[in-house]
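Visitor: Quick one: this structure, given as structure tokens, is what I'll be asking you about.
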Amino acid sequence: MEQNQLDFDIGADKLREECGVFGIYDFDGNDVASTIYYGLFALQHRGQESCGIAVSDTEGPKGKVSTHKGMGLCNEVFSTEHLEQMHGNIGVGHVRYSTAGSSTRENAQPLVLNYVKGTLALAHNGNLVNAPQLRHELEYSGAIFQTTIDSEVIAYHIARARVSVPNVESAVAKAMGKLKGAYSLVIMSPRKLIGARDPFGFKPLCIGKRDNAYILASETCALETIGAEFVRDVKPGEIVTITREGIGSNTEMCFRDTEKEARCIFEYIYFARPDSVFDGVSVYHSRIQAGRFLALDSPVEADLVVGVPESGNGAALGYSMESGIPYGTAFVKNSYVGRTFIKPKQSSRESAVRIKLNVLKEAVAGKRIIMIDDSIVRGTTSALIVNMLRDAGAREVHVRISAPPFLHPCYFGTDIPSEDQLIAHGHTVEEIREMIGADSLSYLKMERLQEMACSRSICTACFSGNYPIDPPAEDIRGSYDK
Ligand code: SF4
């Protein structure tokens with residue numbers, strides 16, 4: 001293998017989720033900034049480029065919002081002093097990885113907007129397919145944007161709608177009538193916390209409760225982290241309004257025919273944390289199921305099943321349970337390789353992958369290995385890992401992927417590269433097997449995805465090309481930076 005391939009960063013060949021959102025309203029008046037921080041910490045896997053928190057006091061003057069945001073991980077952006085200085089019993093938080101809009105501090109969320117009715121703070125997960133049109137519509141009427149992200153377009157449309165409707169939740173509903181695409185929103189108004197999910201339900205959003213406080217979060221793992229109990233998921237298309245009176249719900253935007261819903265199947269396969277439950281389906285369980293299906297559909301004789309950490313581990317365990325082949329650990333991951341990791345130069349003998357992942361020679365030497373991973377994007381990392389197993393003495397390496405081949409880009413908030421960069425686009429499975437140097441290669445069958453999600457309606461567009469919403473005529477991903 002050539003040196004430049006060895007220098008490939010393992011993180012660059014993985015798909016990335018765009019964002020995680022969190023909101024809380026404490027009716028007892030306790031400060032919530034620290035709780036938001038810990039919630040965001042639990043959602044850090046959903047975005048590592050920037051993060052932010054905005055809080056307000058529901059008893060204080062309307063429009064007084066304390067905000068802190070910046071580039072980096074939660075523990076880099078926030079100090080104890082920051083959190084102690086942020087007073088307020090209602091707030092929203094956000095972690096971000098950019099797919100549309102560049103990676104700059106201005107684009108960090110939550111967005112805080114002052115307008116005639118007070119202040120609005122908004123955190124958004126997902127991508128709109130009609131953001132350019134909505135942006136132009138506002139620009140032609142004089143709006144000046146400070147960021148290049150979809151979320152500002154949403155915030156403006158809500159603010160504009162608010163002038164002609166009686167309350168902020170009606171303004172959210174009116175704005176939602178214009179939005180096309182994926183969005184899970186958490187919005188703070190001076191006296192209300194609002195959560196909304198697009199009618200397709202691409203991205204998760206759930207409600208939790210701790211003592212006298214209600215919480216909204218992208219994933220249930222964030223509820224567990226702060227000691228809150230799960231109440232329920234926000235339904236696809238639903239707007240929930242949290243006030244001292246309780247939880248109000250508007251389901252007018254929900255599809256009558258729930259088969260139109262389109263949860264991102266990649267949340268189950270890779271993005272979400274295994275200890276989260278998304279729309280009633282355990283992420284861990286769905287990964288175990290994927291492994292079982294691979295064992296049933298693509299059996300092979302071997303001595304050991306291993307997962308590529310972390311998301312390959314659940315499917316590897318499932319494969320082992322179904323096949324009876326022992327499950328083991330072949331890789332040791334260095335968790336301290338962070339965002340600021342300096343990649344080795346081309347001439348360096350150290351490979352970025354090797355720095356991040358080592359093989360346990362004692363576990364694999366002389367064995368026939370089944371290696372389970374969640375995806376092959378460009379193929380470079382898979383080739384490296386297979387090579388590392390062989391170097392460590394593996395006799396055979398059989399690769400099983402707990403998703404079908406990636407063939408199409410995503411326009412809904414996932415950073416899937418363009419088709420020409422996807423190895424499965426233009427190559428047969430046999431060709432890919434040869435390129436990554438495996439003895440055999442199989443993917444999860446398309447028809448298994450539905451079973452993995454316990455028959456919930458799902459989006460499979462990046463595998464099937466069946467987009468729940470027509471893709472935009474031009475590639476909108478990062479369009480404002482072109
Ligand atoms: S296209 Fe793929 S990654 Fe994008 S929302 Fe659909 S299933 Fe998820």
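Each position is counted from 1, following the chain as shown.
Every residue, even glycine, has its Cβ placed from backbone N, Cα and C.
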Visitor: Looking at TrEMBL, Asp373, Asp374 are annotated for Mg(2+). Which of Ser311, Ser320, Ser323, Ser440 sits in that same site?
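Guide: Given Asp373, Asp374 bind Mg(2+) in TrEMBL, the matching entry from Ser311, Ser320, Ser323, Ser440 is Ser311.
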Visitor: Under a three-state reading of DSSP, tell me whether Cys410 ([4Fe-4S] cluster binding site) is helix, strand or coil.
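Guide: Note: Cys410 ([4Fe-4S] cluster binding site) is coil by DSSP, not helix or strand.
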Visitor: Cys19, Ser311, Asp373, Asp374: which of these recorded positions put a Cβ within less than 6 Å of any ligand 1 atom?
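Guide: None, by Cβ distance under 6 Å.
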Visitor: Below 8 Å Cβ to Cβ and six or more residues apart, same chain only. Which residues does that give for Ser311 (Mg(2+) binding site)?
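Guide: Long-range Cβ contacts: Ile269, Tyr270, Pro274, Arg287, Asp374.
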Visitor: Measure from the CA atom of Asp373 (Mg(2+) binding site) to the CA atom of Cys459 ([4Fe-4S] cluster binding site) and give the result in Å, rounded to a whole number.
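Guide: Cys459 ([4Fe-4S] cluster binding site) to Asp373 (Mg(2+) binding site), Cα-Cα distance: 20 Å.
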Visitor: Across the whole of the domain 'Glutamine amidotransferase type-2' (19-245), what does the mean pLDDT come to? Round it, please.
Guide: 92
